[in-house]
Amino acid sequence: MATCPRGCAPAVRLCQRLNRLKTLDDDMMATSLKRCLSTLDLTLMGVGGMVGSGLYVLTGTVAKDTAGPAVIISFLFAGIASLLAAFCYAEFGARIPKTGSAYMFTYVSVGEVWAFLIGWNVILENMIGGAAVARAWSGYLDSIFNHAIQNFTETHIMQWHVPFLAHYPDLLAAGILVVASFFISFGVQVSSYLNHIFSLISMGVIVFILVFGFMLAEPANWSQEQGGFAPFGMSGILAGSATCFYAFVGFDVIASSSEEAKNPQKAVPIATAISLALAATAYVLVSTVLTLMVPWRTLDPNSALADAFFRRGYSWAGVVVAVGSICAMNTVLLCNLFSLPRIVYAMAEDGLFFSIFARVNPITKVPVNAILVFGILMATMALIFDLEALVQFLSIGTLLAYTFVAASVIVLRFQPEKTSESQTITEDSEEPKQYESFSDKLQLVERQKSKEPRGVGQLKACWEPYLDRLLGDCEPGEVVAFCVLTLIVSSVSLCVVLEFGNKQLQLPVWSFTMLLVIFSLAYIVSLALIWVHEPQKNNKTFQVPLVPLTPGASILFNVFLMMKLSLLTWIRFTVWIAIGLFVYFGYGIWHSKEGIRELQPKDMAARYVVLPSGSLVETVQSIQPEGQVDSSAHHITASTASTAEENTGKR
């Protein structure tokens, strides 16, 4: 076997450290947090995270500028695309009921550095998202009072004209974030009660809008005289779907809360499905009402619903809509402030982020340090920054997290579970030594000889005659992991050609067509090769249906939307990733608990080697910390070896 030259050994060890996986505890339900959330609590959190200010603003904007009344179809397409990602989050949340969401899911299946970068992006995403919602909340309330708050601040406090900064300090937005952080620090039940109140008021207002709106509906607003149902065609519907997709990004708060759920195996999938269905129904019905009440060309993008009622002569209904909008923004704010500290806590608990954020208050059972520190940071951003230029950055972090979670589902589904085949023997030294079962090894050799059906991550029995010679020698799950990488690369390449091939790259028709065919085939072949392997069959928790097709489609859709983002967004993303790598290599890699676990001395391990002659030789080897030379390997007594040979001969 080829060995690595001594000069490349440090690089190999570094790659191993970067890609080490998180070791999960045997008791998945054990936690220092408080498990008190029911299915209803998680459902209302999911609804609160998705049905926010977008219901009152996004519907009018997409209808007027992008899709017309066909915004209904756009929301349906966006809901289906979000369902693909939600399935992946639901499986992980039920299977691994730990806080951290996409960060945790990536850590247990892909590797440490990738998990850190996902968590790092989710942190920024939640901070910008919370600050943006707080400023929208402040601006909406200020508009009700005819901008009296803004005028008072600019006249009597201060204003400035600096690029990327707001024209005046938004004290109201910063104040609401500080107050919300203060309430959330009292415990998860207080956060849940507040979310219940605001969500129920918001849903009550939505019911009012639907009932009263359908009473005022005029089907003529969808007629050809007004432009028809889909004035922008299929291209407008698809473009609207890409925008509407971001209305559903709040469902990951359910997975982030799985460590505080009473029964996450059942509650997380059920809450995810119900909340996504309720959110999609609300968006579709409100869009229907809005475009039937007034002609879509005359919609006010900033306050479409309130303006529609005002123009129909019911200005008092605008007050009800304003109450619903503020309550909806409160729920989104609470979900951001709820998710962010728990992701920081999960990273700190694993040693990848500063340990001060891993401390949990013994009374409230929440990470108070993370809540208060990042709540204040979020308030500072809302106070001084002009977030309009940064809001688009939100989408790239979300889409990247969705992509990695979908890839993690495939990897983990075809990865053999780590089962213990060892037994502990105590000798005179009273030190436990681990020995793999000798009989199990003999059974494994016999099974391989008789070509019995293979286990998880290996070829299915029906495909062995055709692909065994090509793929049979690979380790279980190895081919799948390579195919997932190929799947992501082919998805990126395919989307780049589709998005930039004709315009920016100016490819000839034959070249454009050939590249599409090549990358499409690579994508399809990768899915097919994954499918011919044996998956895990787990009936205890929810599993994503139609794997690898469902997560594969989610990866392709997420990558396509990422290609739609501006160059400036990618530049900001690169800068933030560079800062994250500085933090990881400066702190995380040295304090990682997985790294510390690797350095701990390990027990003796027995291995059985099949020689060409067919005999078995048993060796014992002590596993030393990485980087140390292991010189303790030795053969067991001759009688053990000869016994192994005799057993093999008999078999």
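Cβ atoms are placed via backbone N, Cα and C, with glycine included.
According to TrEMBL, the transmembrane segment annotation covers 70-90, 102-123, 171-190, 197-217, 229-255, 267-294, 314-338, 366-385, 391-412, 479-501, 507-532, 544-563 (among others). Per TrEMBL, domain 'Cationic amino acid transporter C-terminal' is recorded for 542-592. The region 'Disordered' annotation in TrEMBL covers 627-651. Per TrEMBL, compositional bias 'Low complexity' is recorded for 634-644.
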Whole-number mean of pLDDT values that fall within the domain 'Cationic amino acid transporter C-terminal' (542-592): 91
Cβ contacts the transmembrane segment (102-123)/the transmembrane segment (391-412), at least three under 8 Å, sequence gap 6 or more: yes
Among the ranges 70-90, 171-190, 197-217, 507-532, the one whose Cβ pairs under 8 Å to the transmembrane segment (391-412) are most numerous: 70-90
Helix, strand and coil counts within the domain 'Cationic amino acid transporter C-terminal' (542-592) (DSSP): 40 helix, 0 strand, 11 coil
Contacting positions for the transmembrane segment (70-90) when only residues 6+ beyond its ends and CB under 8 Å are counted: 59, 62-63, 101-102, 105, 229-232, 236-238, 240-245, 247-249, 251-252, 254-255, 268-269, 272-273, 276, 279-280, 283-284, 287-288, 291, 402, 405-406, 408-409, 542, 544-545, 550-551, 553-554, 557-558
Intrachain residues whose Cβ lies under 8 Å of the transmembrane segment (229-255), provided they are six or more past its termini: 42, 45-46, 48-50, 52, 54-55, 58, 61-62, 66-71, 73-75, 77-79, 81-82, 86, 89-90, 92-93, 101-102, 105, 222, 268, 271-272, 275-276, 279-280, 283, 296, 332, 335, 338-339, 394-395, 398, 401, 561, 564
Cβ-Cβ under 8 Å with the transmembrane segment (197-217): same-chain residues at least 6 beyond its ends: 44, 47-48, 51, 55, 282, 285-286, 289-290, 292-293, 305, 308-309, 312, 314, 317, 320-321, 323-324, 327-328, 330-331, 334
Proximity of the transmembrane segment (366-385) to the transmembrane segment (171-190), 3+ C-beta pairs under 8 angstroms: yes
Contact set, same chain, for the transmembrane segment (171-190): CB under 8 Å, 6 or more residues outside the stretch: 33-34, 36-37, 130-131, 134-135, 137-138, 141-142, 149, 153, 157, 257, 260, 330, 333-334, 337-338, 341, 361, 364-366, 368, 371-372, 375-376, 378-380, 382-383
